[in-house]
Amino acid sequence: MKFPGSVLVSLVLFAAETATALCLSGAYRAAGDRMWQWLTLLFALLPCVLVQLSLVFIHRDVSRDRPLVLLLHLLQLGPLVRCVEVFYIYFHAGRVEEPYVSITKKRQMPKDGYSEEIEKEVGQAEGKLCTHRSAFSRASVIQAFLGSAPQLTLQLYICVLQQEITAARSIFMVLSLLSIVYGALRCNILAIKIKYDDYDISVKPAAYLCIFMWRSFEIATRVTVLVLFSSVLQIWTLPVVLVNFFGFFFYPWILFWQSKSPFPENIEKALSRVGTTIVLCLLTFLYAGINMFCWSAVQVKLNDPDLINKSQNWYCLTVYYILRFIENAFLLLMWYIYKTDIYLYVCAPLLVLQLLIGYCMAVLFMLVFYQFCHPCKKLFSSSISEGLLSCFKFLCFICKPSKSTTPTNKAGVKSENTDEVQSSSKTIDSQNGNPHQSVSSNA
């Protein structure tokens, strides 16, 4: 049975970040910065509440008689209780013979074009651990992009305005960045396991390293660009954020309405139509929060039973990174034009170059992951190099201007002139007695 290390990492990041946020909000209160205090508390408590709701929803605690667990969730101690339960199950597994086991069938990765199907017995303890891992993975994604990402942006913005990086604030920003990167990593692994549920998947350390580097560069540069832009053009920050957020929020709903599919009813039997709508809105809310800062490995598809798109669409990936690179470059250009005196001792061209190179490094590690380290790369219909090549050809075809009729007319005039010249030359040759013409006539 696999050691539940992911559960422990999620709990440590959750507890450390929450405790540091409370301490830092107390420091802001002592310094008289009420606005920074309340914003820090908001970005710390909102994801805590959503994490408790997700854990309760996945484990179906409302329909079970567990009042103590529900009380601990209300006290924001749900992750701690779940972690204790996980390790209790792990260390007591195998001591008592289980009354029954379930048999799962998984297919191995294709070797030489063949894929074997293997059967595996899964006991009750292992099934419960799998449920806990899945719940903590989803909780880590919620904590990362609805709490840590806004928190990191806020604290870096405060550092820029105050031109000071304190020890508590730097520790908090490091924890927030680690939480975001870990949440993005879990999002990638969840997407792989959901898309290729029929296969036995093992993720190698090289894949984890590529994902970690890819997400670190992508998120760090994105947050820095947003902070730099908002520090000089505060009035335009809200429109940029709202356009990004609501664009990604309504995108799955627009695709759902265009498909004219029936409203999904199989999410949870105990939920009414209103409850299902709330769950779907929260899902698209999380999806928009992820895409605000990085590429979402999970593409929401509301008319699918699993609520995600299982096809590997290289076009969406290419368009996202092209548009995001253009947006980052534009925001950096605006910052460079309107930068204030607080950046007097900053080499602005070098900083812009470093941020753009950092985003390109993120794209590079992403390409390496999909081309060489993806655990299911053998199942791709086309590699990412072929997919990107076809995407660029398609984009070049769209951007290529349509041919006008003027060149055609010119070509027609040219051909007519050529015929006239040839006919006139023949006439002249016949008048001058061209020997070749007379030979051909004699023949």
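Heads up, the Cβ atoms here are built off N, Cα and C, so glycines get one too.
No curator has checked TrEMBL annotations; they are predicted automatically.
Per TrEMBL, compositional bias 'Polar residues' is recorded for 420-443. Residues or ranges marked as region 'Disordered' by TrEMBL: 404-443. Annotated signal peptide per TrEMBL: 1-21, in sequence order. Residues or ranges marked as transmembrane segment in TrEMBL: 37-58, 167-185, 235-256, 277-298, 318-338, 350-372.
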Relative to the transmembrane segment (350-372), the stretch among 37-58, 235-256, 277-298, 318-338 with the most Cβ pairs under 8 Å is 318-338
Here the stretch out of 37-58, 235-256, 318-338 with the most C-beta pairs under 8 Å to the transmembrane segment (277-298) is 235-256
Long-range Cβ contacts under 8 Å made by the transmembrane segment (318-338), restricted to residues 6 or more beyond its ends, are 221-222, 225-226, 228-229, 231-233, 236, 240, 291, 295, 348-349, 352, 355-356, 359-360, 363, 366, 387-388, 391-392, 395
Other same-chain positions with a Cβ less than 8 Å from the transmembrane segment (37-58) and lying at least 6 residues past its termini are 14, 17-18, 21-22, 24-26, 28-29, 70, 73-74, 76, 78-79, 82, 131, 134-135, 138-139, 142-143, 146-148, 150-151, 154-155, 268, 279, 282
